[in-house]
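Structure, as structure tokens:
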Amino acid sequence: MQDQYILALDQGTTSSRAMLFDRQGNIVSIAQKEFEQIYPRPGWVEHDPQEIWSTQAGVAAEAVTRVGLNGTSIAAIGITNQRETTIVWDRETGHPIYNAIVWQDRRTADFCDQLKAQGLSEKVRAKTGLPIDSYFSATKIRWILDNVEGAREKARQGKLAFGTVDSWLVWNFTKHELHVTDVTNASRTMLFNIHTLDWDDELLDALEIPRSMLPQVRASSEIYGPTKTTVFASKIPLAGIAGDQQAALFGQMCTSSGMVKNTYGTGCFLMMNTGETPIESQNNLVTTIAWQVDGKVNYALEGSIFIAGAVVQWLRDGLGIIKSASEIEALAAGVPHTDGVYLVPAFAGLGAPHWNARARGSLFGVTRGTTSAHLARAALDSIAYQSLDVLKAMEADSGIRIGELRVDGGASANNLLMQFQADLLGVDAVRPRVTETTALGAAYLAGLAIGYWKNVDELHSQWQLERRFAPSMQREQVSSCLCGWQRAVRAAKAWADDTQ
């Protein structure tokens, strides 16, 4: 396998990407193609499943051919994907019966309220680790069965298949032979029992979803089967699958209990490895599966922040303070601090650990002396404050003091933000040399399954530091900053609650 590579397919919310990795974990080639976002009604978000497949197959071929290689140069394929997004297709024709309903879609919010009113919340959380929410796949499947003509009858006859995006890609790569998913994607459906590691019949009955629709659940690192499409002339083992955030946790080599990563994108996704025992959160975090490798399941706590990098986009597009997102660091660095200004970017409510849907964006402490630089700094600081709130909830739930924070995603390139994050947390923020950790994680999982890499220890030896940000702020100053932030969050919530 000396001259072979691992192909990672990263099927995201706005684009399909493919990356080739060599044995040292370096990116050899990369290809990307965006696809259409479909908004049929306010709060509804859909994708065309055929476009998901065509763009992903296209970039897979492009990444390989652009460096003069072919399928024989690929040792294995790993898949990572946007989670929860729901596709239902006809087993006989292989065609979707409706568009993919995306994780952001809120059309089933009222139905979720009905499930809560039936007293199902505790049962769902105990079995799946998840709150009842339209974010997850279960109610999206139910909506398709209830609203697509003939769907319920076809499902009863066993003619329909459900899958998250990974399942849909594998189904197509194997010419409709394999209907599988992995434990990480299954754990995001609200139908999978994370303790028994099987679909939960009681929840399937409650949601009136036939078990025959569901894929077989497999480990995150194993050979599922060979490709059979014309995308590649040779058959390549499909050998790794993980949801995007779990893949990033693995790509960051957070393989020990208590290790944490934060992906700074449009929002933030924080995940802590909690080892081989699931921890039920008392602080509004999600309990989920991190991965299953070598027969062992690792669990994780996860917290999502709705607005992170998006606050920078707002400064650019909404206020016109900056012309491009990259300008914010220099502007914010023009002042030593915010001078008491706090921005709570609750443009779409507050995510973990607050989960307040009514809260709205709020700005506090503004004076005549407040400048665009202060606003820019307050915007960056808000990302670090929100992340700290989730990290403190993780520490409280797990009883583990975080030793360091591994960071990735677009906004992790902002040195000012990373330094402030380290200052608030009181431990180092650590940025790796390869920040494409999601694709890297998928590559690692596939490579382990075929022996391309011997074991996790070999992968640990590859992880390389790009920069370490050590805390430098006095703790008294940190405490003062945090008091101001907590006041601002309380006020933002109070404003939302006081509608009189």
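Here the Cβ of each residue, glycine as well, is placed from N, Cα and C on the backbone.
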Worksheet item: If Swiss-Prot gives Arg83, Glu84, Asp244, Gln245 as binding glycerol, which of Tyr5, Tyr135, Tyr299, Tyr342 does it give for that site as well?
Response: Tyr135
Item to complete: Pick the one from Gly119, Gly163, Gly403, Gly410 that Swiss-Prot also lists for the ATP site with Thr13, Thr14, Ser15, Thr266, Gly309, Gln313.
Response: Gly410
Discussion item. To see if you understand the setup: which same-chain residues, six or more apart in sequence, place their Cβ under 8 Å from that of Tyr135 (sn-glycerol 3-phosphate binding site)?
Written reply: Glu84, Trp103, Gln104
Response to the item:
Neighbouring CB atoms within 10 angstroms of the CB of Asn414 (ADP binding site), all protein chains considered, total 21
Worksheet item: Should Gly410 (ADP binding site) be counted as helix, strand, or coil on the basis of DSSP?
Response: helix
Discussion item. Name them in sequence order: residues not among Arg83, Glu84, Tyr135, Asp244, Gln245 whose Cβ is within 8 Å of the mean position of the Cβ atoms defining the glycerol site.
Written reply: Gln82, Thr85, Trp103, Arg188, Gly243
Response to the item:
Gly309 (ADP binding site) and Gln245 (glycerol binding site), compared by Cα position, are separated in whole Å by 17
Worksheet item: Which of Thr13, Gln245, Thr266, Gln313 has the fewest nearby Cβ atoms, counting only those within 10 Å, among these binding-site residues?
Response: Gln313
